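Contents: one structure, followed by commentary.
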Amino acid sequence: PATPEGMALAYGSLVLMALLPIFFGALRSVSCAKSKNSSEMPETITSRDAARFPIVASCTLLGLYLFFKIFSQEYINLLLSMYFFVLGILALSHTISPMMNRFFPANFPNKQYQLLFTQGSGESKEEIVNYEFDTKDLVCLALSSVVGVWYLLRKHWIANNLFGLAFSLNGVELLHLNNVSTGCILLGGLFIYDVFWVFGTNVMVTVAKSFEAPIKLVFPQDLLEKGLDADNFAMLGLGDIVIPGIFIALLLRFDISLKKNTHTYFYTSFVAYIFGLGLTIFIMHIFKHAQPALLYLVPACIGFPLLVALAKGEVTEMFSYESSAEILPHTPRLTHFPTVSGSPASLADSMQQKLSCPRRRQQQSPSAM
């Protein structure tokens with residue numbers, strides 16, 4: 001049994017670690033949406049993706065549960081450890097890269113590299129991988145590899161959390177919801193998914209305890225007694241961070257689109273997340289049973305901003321906002337047609353003049369059009 005002080009330290013640390021990737025991931029998602037670098041373009045989740053997500057997640061969870069029941073946990077975890085070892089190094093390197101750039105001297109010999117993998121040839125050539133990096137990125141990759149080796153050899157909880165935080169931050173930054181309706185579909189579906197697999201079966205808890213991979217944040221409740229060798233962990237799944245996090249990041253981009261120099265919906269949803277997570281911990285402490293965090297996070301993260309929108313009369317603006325419109329480049333459009341006669345060359349010249357002088361527009365009559 002953990003002491004009250006140890007429990008308070010453990011759960012307080014989990015809440016703090018959960019807030020960091022949401023806050024910084026949401027801020028970086030704004031710059032990511034405006035980035036023109038193909039390697040940093042976010043993946044947009046549509047309503048169809050959101051509807052299928054709980055089904056895919058359920059199949060994956062049940063498959064892992066059956067694997068752990070049929071095969072030896074040792075070999076499965078070894079395979080998964082190698083897989084997350086590679087992913088963790090890449091995620092951690094991408095996370096620390098902006099911070100590490102401040103420590104490099106101005107005269108650092110920074111060379112540019114590009115990893116390009118294509119399929120086909122000629123006009124049918126298609127890019128599969130197009131990743132640009134430099135010498136600074138290689139240094140970050142080397143530092144992340146040290147953490148990766150530490151995790152692979154020791155499975156230490158600090159190394160696990162470093163990878164978990166990197167996964168969460170990258171998830172919030174690079175996964176974008178296209179609108180609020182899609183966010184409600186995703187959170188609502190995973191709300192049912194989380195409640196069913198935690199309360200209806202023992203599948204979720206069994207997989208979470210058997211899965212030796214950085215898919216959860218952990219913090220020892222007996223840290224004060226055993227120090228860094230503590231082994232009585234409180235845990236929080238990364239899904240309980242990333243899923244609400246991408247919705248909070250969407251509300252931040254919505255705040256910016258209103259051009260009111262306020263982040264009302266972002267801060268409201270951020271406070272709602274803290275409230276929901278605190279309520280999860282409280283209920284878990286009272287009933288002494290693992291709780292599906294999304295059971296409390298989803299109503300809080302959707303309900304609080306919706307109440308604010310109702311009070312401000314901005315519900316229509318909230319649900320009509322399209323985040324994907326900011327990611328796609330703005331293409332020039334011909335808003336009215338020129339009246340010309342003569343050869344096709346003269347038509348092309350006239351169109352070019354119209355496009356190069358957009359301010360001098362004239363109202364055309366229907367007959368002229």
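Just so it is clear, glycine is given a Cβ too, placed from its N, Cα and C backbone atoms.
Sequence annotations record features per position, and here TrEMBL assigns transmembrane segment to 7-30 (among others).
Residues or ranges marked as transmembrane segment in TrEMBL: 50-68 (among others). Non-local neighbours of the transmembrane segment (50-68) in the same chain are 76, 177, 182-183, 185-186, 189-190, 192-193, 197, 203-204, 206-207, 210-211, 239; each lies 6+ residues outside the stretch with a CB under 8 Å from one of its CB atoms.
Marked as transmembrane segment by TrEMBL: 75-96 (among others).
If you look up TrEMBL, you'll see 174-199 (among others) marked as transmembrane segment. Same-chain residues lying 6+ beyond the ends of the transmembrane segment (174-199) with a Cβ under 8 Å from its Cβ atoms: 29, 32-33, 40, 42-47, 49-51, 53-54, 57-58, 61, 205, 239, 242-244, 246-247, 249-251, 254, 290-295, 298-299, 301-302, 318-324, 327.
For the transmembrane segment (233-252), the residues of the chain that approach it from at least six positions outside its boundaries are 7, 10-11, 14, 17-18, 21-22, 25-27, 29-30, 45, 57, 157, 164, 167-168, 171-173, 175-177, 179-180, 183, 186-187, 190, 194, 208, 214-221, 263, 265-266, 268-270, 273, 276-277, 293-294, 297-298, 301-302, 305, 323, judged by C-beta separation under 8 angstroms. Under the heading transmembrane segment, TrEMBL lists 233-252 (among others).
Taken from TrEMBL, the feature transmembrane segment covers 264-287 (among others).
Positions annotated as transmembrane segment by TrEMBL: 293-311 (among others). Taking Cβ pairs closer than 8 Å, the transmembrane segment (293-311) reaches residues 183-184, 187-188, 190-191, 193-195, 236-237, 239-240, 243-244, 247-248, 251, 264-265, 268-269, 271-273, 275-277, 279-280, 283, 317-318 in its own chain, all 6 or more past its ends.
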Contact set, same chain, for the transmembrane segment (7-30): CB under 8 Å, 6 or more residues outside the stretch: 42, 161, 164-165, 168-174, 176, 217, 219-221, 223-224, 233-236, 240-242, 244-246, 248-249, 252-253, 256, 266, 270, 273-274, 277-278, 281, 285
Surrounding residues of the transmembrane segment (75-96) on its own chain - C-beta under 8 Å, 6+ positions past either end: 67-68, 137, 140-141, 143-145, 147-148, 151-152, 155, 162-163, 165-167, 169-170, 210-215
